[in-house]
Structures are given as structure tokens and as C-alpha cells.
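Here is the structure we will look at, set down as C-alpha cells.
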Amino acid sequence: MHGVHFTLGSPNAYIHEPGILHKAGEWIVKFGHSVFIVTGEKSWDSCGRTLIDSLESEGVRYSVEKYRGECSYEEVARLKELAAGEPELICGVGGGKVLDTAKALANDLGKPFVAIPTLAATCAAVSNLAIMYTEDGVYINFPVYVRGTELCLVDTEVIAQAPVRYLGAGIADTLAKWIECPMAATGKKHNMSTVVGLQMAKLCYDTLLKHGAQAMNDAEQGISSEALQHIIDTNILISGLVGGFGEDNCRSAAAHAVHNGLTVIPESHHAFHGEKVAYGILVQLVLENRPQADLDEVLGFFKELALPRKLKHLGIDRELSEEELAEVAHISLLPESTMGNMSMTITQAMVIEAIRTVEGWLE
């Protein structure tokens, strides 16, 4: 009989309500009195003043640094030098790359991490890993941390004001959980943490199909509806808990591996993480030789939400050369990627052929 070795990757506290940013100081002061904030230009423009007012009202000392656009080891090292004065907390304010950068910094420094997502485009606010890239935006790896998010503050009003395309990208990234996790869990012992992870992945899929379109419509109008709140929680919290509970048995597979491969194509850098994952989902379904009904369900949902179904939807409006396809496939198959979580052996030729199959589908 085997035991269970389990590190729960989940936030200590998750607070989601409209206008919570005005009360951010009240929550942050429970965990520390000084904070080093990592953010981006657009994110800070959207909510920086509100956050500062709230911190000052509670006497929380703060310093702010803008990140330089990529979650890279070089950027984390730069920020580490700037995080002087021994801040008690590290806080990320922004989208996935900002949050992963701040999270990596917090773990390097051994400090608690506070996440304030301004988008519902990834689960970076609660997941206990960071996706690392080169300074040119090419995927490297994803270190997994023992320390999880200390506090996550989600303001529906802030997220509702973000361009709806971000929400769509988050829906695609979250949908991938139910496509990929059963592959990662195949052939492994299904202890209770794995079972919970798989059930959460299925909950993500069902919730997205039920509320996704309505949430997108409401977000387009800036409405903080119940459907939007469901999707925000699914994209940020439940999605992050899939791997938080299931760990290596509920990690990514081909869909994210193809995302990783696509990062070597410069035009893809204008597409969001979840948009590249959306394309990767289609490639994975082909690799699995899924029934047509499964393809039709996903393709129909993607079409309804205007999610990518072709390379041109990712900004790659040309035919990739043999060399480029080979490089995409090569990166997707690296040990540092996630293709190894597929239940069958995948070759470079199979990845290339699957991409060609997706590109050959009628619109």
C-alpha cells in the first residue's frame, strides 16, 4: 500500500467581489506592513491609484516597479536587486506574465505572494508555478513552487473593464484542463488528490460551455454579471486548483506543448497565451484521433466565442516553412515541455501532420 505525498497548490485566501480593490489595504495589512509591487503599464493605469489609496489608508508601506514585458529569469534577477528594504510581501498586479514574474520573485526571496489579477486570462494568480520565457518570449520551462499564493484579490469591476479578448483567452486556457489532464493521469495511480483534480477539470469544462458565451457578452458591455463571476472564478481559481490538487497527475499535455512550440514563431507573440493554447487543443484532439463529435463540440464553442481555429487567427497569416514546422514540433517535444504527459508516444512528424490537419479544415 502506498502513501500520498501532496503539496496543495492553492491560495491561502481568495477574495472575489466587485470593488474589492478599494479594500485591498484592509486585506493586505493582515499579512504584512510593507509590500514590493510588480506591475505593468496598462495594469497600473487601470487600478494603481485605487490600490495606493487603500494601502495608504492602512499604513502599508509600498514601492512599485514596472516589469519589462517577459517573465524571464533575467527579469526576476533584476527585480530581486530592486526589492530593497526587506519588504514583507511581494505583490503582482496585472495579467499572467506579471503575476508569474512576481510569484517567481517572491519564491526566490522566500516572501509571501499577493496576487491582484486585472485579467481573467490565466490561472497565474493562484497556481503554484510560473511559466518562464527567454527575454525574446520563447518558452523555457515552468518551475513548481512549494509556497502557494498567500492572498488573491479579484475585483470583478476591474476585470469587466478589460478587453473581452483576454477573457476569451482565459476560457481557452481553462478549457484545456479537461482536454489535457485525463491524458496526464492515464496510467498513473488515481489517489484522491488526482480524482479531485480530474473532477475540477471536468467542472471547468462544463462551466465554460454553460456560461462562457453569456460571460463574454456581458464583459463586452462591462457588466459584472453572475455568469461573468462564474467564469472569472473558473478561469482563475478552479483552473489553478486542478494542478494544485492533482499535481503531476493533472498537468498540461499536447495543447500547452504546442503553445510552447508556437512561441518560436515571432508573429505568435502578439497572440495571448490562451489563444495559442486554443490552437494547441485542436492539435491535441487530432493527435488523440478523437471522435468527430468531440471535435465539433470544441470547434463550435470556439467559433461562438471567436477563439483561434487556424494559425492565421494567431497572427501567423502565412504558410509555415518545413523548417519552421519542424522547430515548432521540436520545442513542443522537449523534456521541459509537456508533450510527455500524453498517454502515447508523440513524434515530430505526428505534430507536424496534426498541425497540417487543423490547417486543412474548412472554416
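Using N, Cα and C of the backbone, Cβ positions are placed for all residues, glycine too.
Across the domain 'Alcohol dehydrogenase iron-type/glycerol dehydrogenase GldA' (11-155), the prediction's mean pLDDT works out to 95. Taken from TrEMBL, the feature domain 'Alcohol dehydrogenase iron-type/glycerol dehydrogenase GldA' applies to 11-155.
According to TrEMBL, the NAD(+) binding site annotation covers G96, K97, V98, L99, D100, S127, L129, Y133. According to its DSSP assignment, K97 (NAD(+) binding site) is helical. In the shown protein chains, 25 other C-beta atoms lie within 10 A of the C-beta of K97 (NAD(+) binding site).
The feature glycerol binding site is assigned by TrEMBL to D173, H256, H273. DSSP assigns D173 (glycerol binding site) to a helix. All protein chains shown were included, and the count of other CB atoms within 10 Å of the CB of D173 (glycerol binding site) stands at 31.
Within the same chain, the residues at least 6 positions away from H273 (glycerol binding site) whose Cβ sits under 8 Å from its Cβ are G96, A121, T122, I131, A169, D173, H259, listed in sequence order. Counting only same-chain residues at least 6 apart in sequence, those with a Cβ under 8 Å from the Cβ of Y133 (NAD(+) binding site) are E70, C71, S72, K97, Y139, I140, T263. Just so you know, of the binding-site residues V98, L99, L129, the Cβ with the fewest other Cβ atoms around it within 10 Å is the one at L129.
For the pair L129 (NAD(+) binding site) and H256 (glycerol binding site), the Cα-Cα distance reads 14 Å. For the pair V98 (NAD(+) binding site) and H256 (glycerol binding site), the Cα-Cα distance reads 19 Å.
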